Amino acid sequence: MNIQKVNLIILDGWGNAPAWGGNAVEMAQTPNFDDYWRKYPHTLLKAAEEAVGLPSHEPGNSEVGHLNLGSGLIVRQNLPGITALINDGSFLKNKVLIESISHAKENQSNIHIMGLLSDGGVHSHINHLFALLDLIKKQDYDKVFIHIFTDGRDTDPMKALLYISDLEDKIKNIDFGRIESVSGRYYAMDRDNRWDRIQKSYECIVLGKGVQAESVEKAVSAAYRQGQTDEFIVPTVINNTDENFVPVSDNDTVIFFNFRADRTRELIWAFTKQDFKNFHRSKSLNNLYFASFSFHEEYEEKLPIKAVFRPADGLHPIGKVCSENSLKQLHIAETEKYAHVTYFFNGGQESPFSGEERQMIPSPKIASYDLKPEMSAPEITQKLISRVNDFEFTVVNFANADMVGHTGNMKAAVRACETVDKCLGLVIKENLSKNIISIITADHGNAEQMINPDTSEPDTEHTTNPVPFILISSDPKWQNPLKVTGEKPPALSDVAPTILKIMGLEIPKEMTGQSLIG
């Protein structure tokens, strides 16, 4: 079989929007990207809201983007899926949650709830926490303690007190529950093996160790005075003379209500892994019932946790198609986006398909990526160039526009985009010389809106903007205009069918996206 080689290049967080003072993508000097956009077939893809399985007005994110890109269909996401279960009453009958409450009842122990207190919708939603509290009330149990993680990344940087006020109103309404600790997601939701951060959160929740505050409001206000935005609030124990801190202890129930796996895995390991060696646990927990809204069996087998929800079935991602045709494929990214080009791009499967090779380039060990906007893009580029011709299909992620975009640092985001553009130039030159077709796209927007147009404050969140799609080949056969109709605007789910058509492979029936070439 004569297979046309394809390299899919994902520019994470690189959205399309009109040029203005808050658009780092447009302000950056990107001669290579601009040249490709002028010379080769291109269009814009929807990467947010209903087009990727999210609710209306909901920005895209990396998990959703890679899942849609790799699976070739609009995948209904955890956020609307869980919300639908809440709305139709099914949530109140969830067997794992009911079992977790029964465990606490039988042991006369406590229920500890932890998760991201946010309406950002990327990793969690505050309404899911409220529904969980309603379920516990319905089950007639009141020994409930809440450990909140503050956002500031998928929301405005200093919005935690509003969410805390809403939660405390809910607590008053149901007449039970107490906030025991607060931690910025920088610590509690690390995904880059910065175990010193996870250790601080773990010891805060389990030992009551860390900064002390009389109330959660005072904790957040003190953090603000020290220049910490929500994302970076140091793990803080809420401990006053009237109500002493209650740590997680033996026989307790823990419910983690974040629904996305990549930023829950490390903290879950710290709580549940028997042979945990990433830091010294001065207190290990016995007979703990640990329930997770996120699904982890693909990440690590035999973890003693219960999945509240199961992932979507029936996906037939492009990686599986390549494997079924005995083709070799390479998935490459730096640490921050490695899970996205593997687990999420492969439709929620962690183990590699047959013929699949993976390459993880370590992300730089720095406090914040605006300190090094280049991240590991140059190293990724060199590795990709040296290996790209060894595979029929390669997918690479450049994380810069997204990860630096999240810092809110406009100057650094411009440098990040310029770094990616230089790397693009090297990759495309190599691909053209080897007759490899390049497809440039993104998973969602971010760096194209670094300033909130309504408040003029730094904008660290994702956007609902479309993302680019460029098909690059020196063969005139692939230089015709793309097949785009006004009936259904193209979306991320159209990328996988397009790639398979270029490669000459059969598009599986599970892929409902449409090829963008005739």
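Numbering starts at 1 and runs along the chain as displayed.
Every residue, even glycine, has its Cβ placed from backbone N, Cα and C.
Keep in mind that TrEMBL annotations are predicted by a computer and have not been checked by a curator.
The domain 'Metalloenzyme' feature in TrEMBL is assigned to 5-506.
Taken from TrEMBL, the feature Mn(2+) 2 binding site covers Asp12, Ser62, Asp443, His444. Summarising the environment of Asp443 (Mn(2+) 2 binding site), the number of other Cβ atoms within 10 Å of its Cβ, over all protein chains shown, is 34.
Residues annotated as active site, phosphoserine intermediate in TrEMBL: Ser62. Cβ neighbours of Ser62 (Mn(2+) 2 binding site) (same chain, under 8 Å, six or more residues apart in sequence): Asp12, Lys337, His340, Phe344, Asp402, Asp443, His444.
According to TrEMBL, the feature substrate binding site maps to His123, Arg153, Asp154, Arg185, Arg191, Arg260, Ala261, Asp262, Arg263, Lys337.
In this structure, His406 (Mn(2+) 1 binding site) belongs to neither helix nor strand by DSSP; it is coil. Long-range Cβ proximity for His406 (Mn(2+) 1 binding site), meaning a same-chain Cβ under 8 A and a gap of 6 or more residues, is found for Gly13, Arg153, Tyr369, Asn446, Thr460. Taken from TrEMBL, the feature Mn(2+) 1 binding site covers Asp402, His406, His462.
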CB within-chain contacts under 8 A for His123 (substrate binding site), separation at least 6: Leu116, Asp154, Arg185, Met189, Asn258, Phe259, Arg260, Arg263, Thr264
Assigned conformation of Ser62 (Mn(2+) 2 binding site) - DSSP reduced to three states: helix
Arithmetic mean of per-residue pLDDT over the domain 'Metalloenzyme' (5-506): 95
Output field, Mn(2+) 2 shell: CB within 8 Å of site CB centroid, site Asp12, Ser62, Asp443, His444 dropped: Ile10, Gly13, Ala47, Gly60, Asn61, Gly65, His66, Lys337, His340, Asp402, Ala442, Asn446, His462
Most Cβ neighbours inside 10 Å, all chains, among the binding-site residues Arg191, Arg263: Arg263
Number of Cβ atoms other than its own within 10 Å, given for Asp12 (Mn(2+) 2 binding site): 27
